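Features reported for this protein in Swiss-Prot:
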type    : residues                     : note
REGION  : 1-89                         : region 'Interaction with SIRT1'
DOMAIN  : 43-101                       : domain 'Chromo'
DOMAIN  : 179-240                      : domain 'Pre-SET'
BINDING : 181, 183, 186, 194, 195      : Zn(2+) 1 binding site
BINDING : 186, 222, 228, 232           : Zn(2+) 3 binding site
DOMAIN  : 243-366                      : domain 'SET'
BINDING : 254, 255, 256, 297, 323, 324 : S-adenosyl-L-methionine binding site
DOMAIN  : 396-412                      : domain 'Post-SET'
């Protein structure tokens, strides 16, 4: 029996912080939890729970890191050295007072509902900070990820796993390319047209790494078999996200969104859309479930035929949080690198214009490409595409909230 259980694990019913609380309360050291004899009696402010003012003296109810709520204490302002925690507490307090149509100046005593809100906000912020750390630990790309929610008390999404590349479903194989280019300079002196030429297509980028192909034309990058190195100008998408991005909570009912923290030049690569690769049959089954939930993250890979779909509902990268717009600043391209199966392209987003720091990133879930272009990139009826007359896939009409002057009122 013991041999069968070897290597097994179960989820703990208590959080890491709760276990630390129990250790300190029982005066037990536990190196695995970071509780030792040296820090058993350390006092660090985790967050502030309440506020009051008595005879012009300010007091704060302190939650001490590693200690249960029963050990919270009221402390005068001069005893607290946690400047950032204090500033954040008052920022949250003032914002909530304004939201409740009161003065922004704090009262002498907080009512219980307001104090409870500030506690929940502090707990949420810690949860989002842990999620941000987790995302950055898992990312393989240069661009950092930050997380913000100044709108409501929603925390990290449940059951979402950050991945950097496709997660291949059962029965699906990504075949590795057998040959690569032999170019000395893939941009200025390509041999046989480099990798794009070998597939009878055009070179995709200029010397700044900006795409110069029309939307709908495929991108063929150099692969792991090529003689060129990492700095080759035909290696752009494979280098991953280069910009610092922020996952933020929208204030207009669109849930989470993504904005850039840096200027992005027109035609520059921004991110890939990754998730689970599943068959279209499985996508149809999941799509019916997602429709009932009022959301879907299905993206059909129908560059040549509709056989496979990318599902980013539970496995994906930051593109999972990018919202729709009828006037988007991102454009979809099909990309081929180490796998040349045209039924399984990688999906890349490029900037349609200069995007300034602080702007939200969006793409059109119902994107249409000129049907005259035989190399069309059709994002389908599942994720947003749609446009094929007589498509057998029926989707629930979802109201559009993009708010642009070009808004079509419905996503599908």
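We count from 1, first residue shown onward.
The backbone N, Cα and C atoms fix where each Cβ goes, and this holds for glycine too.
Here the features listed in Swiss-Prot are painted onto the structure.
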residue : record                               : Cβ within 10 Å
181     : Zn(2+) 1 binding site                : 23
183     : Zn(2+) 1 binding site                : 22
186     : Zn(2+) 1 binding site                : 24
194     : Zn(2+) 1 binding site                : 26
222     : Zn(2+) 3 binding site                : 25
228     : Zn(2+) 3 binding site                : 22
232     : Zn(2+) 3 binding site                : 20
256     : S-adenosyl-L-methionine binding site : 19
297     : S-adenosyl-L-methionine binding site : 20
323     : S-adenosyl-L-methionine binding site : 19
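Reduced to three states, the DSSP call for residue 194 (Zn(2+) 1 binding site) is helix. Within the same chain, residues 252-254, 291, 294, 323-327, 362, 365-366, 381, 384, 386 sit at least 6 positions outside the domain 'Post-SET' (396-412) and bring their C-beta atoms closer than 8 Å to a C-beta of that stretch. Sequence-distant neighbours of residue 255 (S-adenosyl-L-methionine binding site) (same chain, 6+ residues apart, CB-CB distance under 8 A): 249, 323. When other Cβ atoms within 10 Å of the Cβ of residue 324 (S-adenosyl-L-methionine binding site) are tallied across all protein chains shown, the result is 20.
Of the candidate binding-site residues, 186, 195, 222, 228, the one lying closest to residue 254 (S-adenosyl-L-methionine binding site) when CA atoms are compared is 222. Those residues of the chain, other than 186, 222, 228, 232, with a C-beta within 8 angstroms of the mean position of the Zn(2+) 3 site C-beta atoms are 181, 183, 194, 195, 226, 227, 229, 233, 234, 235. Annotated S-adenosyl-L-methionine site 254, 255, 256, 297, 323, 324; additional same-chain residues within 8 Å of its Cβ mean position, judged by their own Cβ, are 250, 257, 321, 322.
With a cut-off of 8 Å between CB atoms and residues at least 6 apart in sequence, the same chain places 180, 181, 186, 220, 221, 222, 223, 226, 234 near residue 195 (Zn(2+) 1 binding site), listed in sequence order. On the 0 to 100 pLDDT scale, the model's mean across the domain 'SET' (243-366) is 94.
On a Cα basis, residue 194 (Zn(2+) 1 binding site) lies 35 Å away from residue 324 (S-adenosyl-L-methionine binding site). Apart from 181, 183, 186, 194, 195, the residues listed for Zn(2+) 1, the same chain places the Cβ atoms of 180, 182, 190, 191, 192, 193, 196, 197, 198, 222, 226, 228, 232, 234 within 8 Å of the centroid of those Cβ atoms.
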